[in-house]
Amino acid sequence: MQANGNANQRIARISAHLNPNYLKMEGSSGLQQVSCRAKGGAPGFKVAILGAAGGIGQPLAMLMKMNPLVSVLHLYDVVNSPGVTADISHMDTGAVVRCFLGQSQLEDALIGMDLVIIPAGVPRKPGMTRDDLFNINAGIVKTLCEGITKCCPNAIVNLISNPVNSTVPIAAEVFKKAGTYDPKRLLGVTMLVVVRANTFVAEVMGLDPREVEVPVVGGHAGVTILPLLSQVKPPCSFTPEETDYLTSRIQNGGTEVVEAKAGAGSATLSMAYAAVKFADACLRGLRGDASVIQCAFVASQVTELPFFASKVRLGRTGIDEIYPLGPLNEYERVGLEKAKKELAESIQKGVSFIKK
Ligand SMILES: NC(=O)C1=CN([C@@H]2O[C@H](COP(=O)(O)OP(=O)(O)OC[C@H]3O[C@@H](n4cnc5c(N)ncnc54)[C@H](O)[C@@H]3O)[C@@H](O)[C@H]2O)C=CC1
Ligand SMILES: O=C([O-])CC(=O)C(=O)O
């Protein structure tokens, strides 16, 4: 009897994580009892996704469940996280998946996390800029970051919500206010523009995109996105027409998807791919792998601006090193000045949102 009692308690505990309403549901199947005897995940990192039921959140959750470095995956949203969690939890990979629904469960979702990925917030519709999302997404990011300060102040934060050029400064100010700010652990995710740049350059040059590396610096909106085509690996030389075409296509890749989706949102699938590529790099850094380098929008002294995207080396405590921009050609120097002007305003807007 005692053994059955313990087993039932285990069933209830595990099932409650999958679906907070489970305890109010009728019956429990034999299959659920068997699953309760499982060990509960391989060794690895604990990752939370905030906004896990969204267009990015769902494929991102699926791909993180497939990542062997993840042992525990917390899926938090203000709607629909039970369905997403139930679905993903059936995948026969190592990570244990747990559901968190609504503001009252935010802190539980965050306790003990090593990495928090934030794709929460509204996406663009045709005709909008990323900055048009500020009014809604700034408040969402502020609330989520307040939760991080309380529950996992040492977690690495990957911030996806737009406008990244302002939401990263917002997050930094929230952390500063709480006394938990560590600039090495806060990273704005600009990986998607790198992924696009690799793809578009490969198309033009007839290369395999997996073998192309384009550094993209600056920020994550319009002219603040600055691909450094003079530093592409393998070394490529572009005509002025190719340079114009590639720079413009990389800067407007997000808008290309927003227009193609015609009101149904912005990039979600390529973004989930990029977010996982970036999160995996952060986890490999945390594990102690050598030479894990990616571009990200971070607190920086590479320019006179307080935040800037450039190549960073990831390590056991987040960012280990931020690389200088390297030699720029005249085209890139002009682009850099334009990028800095717009970036300065977006950064200030984020800072003022918290300081006001
Ligand atoms: N950094 C980048 O490269 C990219 C950023 N984005 C941005 O990512 C964000 C999300 O995009 P999608 O997933 O397409 O939007 P979506 O609308 O499909 O999903 C957003 C999710 O956030 C949730 N959410 C809203 N308020 C929340 C809160 N307070 N706490 C937790 N979750 C909350 C919603 O319930 C929804 O499930 C947008 O701001 C978008 O602009 C999109 C693509 C690329
Ligand atoms: O364009 C958008 O609104 C979403 C985004 O940041 C991107 O796809 O790069």
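Cβ from N, Cα, C; glycine included.
The NAD(+) binding site annotation in TrEMBL covers G51, A52, A53, G54, G55, I56, G57, D77, N137, I160, S161, N162, M271. Less than 8 angstroms from the CB of G57 (NAD(+) binding site) sit I49, G51, L75, D77, V84, P119, A120, each of them six or more residues away in the same chain.
Long-range C-beta contacts of N162 (substrate binding site), restricted to its own chain and to partners at least six residues apart, with a cutoff below 8 Å, comprise G121, P123, R124, R130, L133, N137, H220, A221. According to TrEMBL, the feature substrate binding site maps to R124, R130, N162, R196.
Mean pLDDT across the domain 'Lactate/malate dehydrogenase C-terminal' (190-353) comes to 98 in this model. Feature annotation from TrEMBL assigns domain 'Lactate/malate dehydrogenase C-terminal' to 190-353.
Within 10 Å of the Cβ of H220 (active site, proton acceptor) there are 28 other Cβ atoms, across all protein chains. According to its DSSP assignment, H220 (active site, proton acceptor) is coil. Here TrEMBL flags H220 as active site, proton acceptor.
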Give the subset of the binding-site residues G55, N162, R196 lying near ligand 1, defined as CB under 6 A from any of its atoms. G55, N162
Residues other than R124, R130, N162, R196 within 8 Å, Cβ to Cβ centroid, of the substrate site? P123, P163, H220, A221, G254, T255, V258, S266, A267
Reading the DSSP string in three states, the entry for M271 (NAD(+) binding site) is helix
Count of other CB atoms lying within 10 Å of the CB belonging to G51 (NAD(+) binding site): 25
